[in-house]
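Peer 1: Take this structure first; my questions come after.
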């Protein structure tokens, strides 16, 4: 976890940002910074992962911690817990979100356990609960490769989309089919190697939609420590944090509008707008805009 050994299939890799020019179709009108960004105050962000270490120096106190467990009848359910992280992965994601959106409210739902083990059923249960709670942003730095969960996850992602819950999901590092990041109703994220820690890019070549910092990233870890690590898992919280900052300024935005605002704010789209001589546009109101088992971490 502390170093990168596998090739990141869904990453920017060695392609320079200027090779990611948006196509000629569509608007290149950029989102003006004063309109777009808050510090995320009042926006609830749910991290569906391995748990979060409450009180970590890079995170502070979180507003709620939950976990997926089996009840007395053997059914999966979500219950409140005293917090804690089974592996460090969820703490890393929460710390990165806090870095980008320092005033957001963080919640944790543990669906993966020690050794990053988990099941597609636990992922479904935890994600369904998060959607039903109406969290404006849900960070999913994980996925499942099991096709038996495909339709249920797709239906749940659609429900989130219509319920104004923005799902931000990491692409898998390996060349495999996994979900939910491939669904068009979510915001899918890969990583880039650029030195700028604040750089994010729109990808004109689907299925990954955005690239964010995710390689050799300094992250929070277990027992109050920090490490450096690499993976799409750690690019995803950067975009989740940006979503929180957008929604802090404009809480009425839908997931479609959030995704469109990210597109217009991406560095390569802004560069294309500048090259075309297009000024920053003023939106009209808020209406413009490695795992064991069958749950896989998206890093």
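Each position is counted from 1, following the chain as shown.
From the backbone N, Cα and C atoms, a Cβ is placed for every residue, glycine too.
TrEMBL entries are annotated by machine, without manual review.
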Peer 1: Name the residue range among 1-27, 28-54 that TrEMBL annotates as region 'Disordered'.
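Peer 2: Here TrEMBL associates region 'Disordered' with the stretch 1-27.
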Peer 1: Neighbour count, 10 Å Cβ-Cβ cut-off, for residue 49 (active site, charge relay system): what number do you get?
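Peer 2: Around residue 49 (active site, charge relay system), other Cβ atoms within 10 Å: 32.
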Peer 1: When DSSP states are folded down to helix, strand and coil, where does residue 89 (active site, charge relay system) land?
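Peer 2: SS state of residue 89 (active site, charge relay system) = helix.
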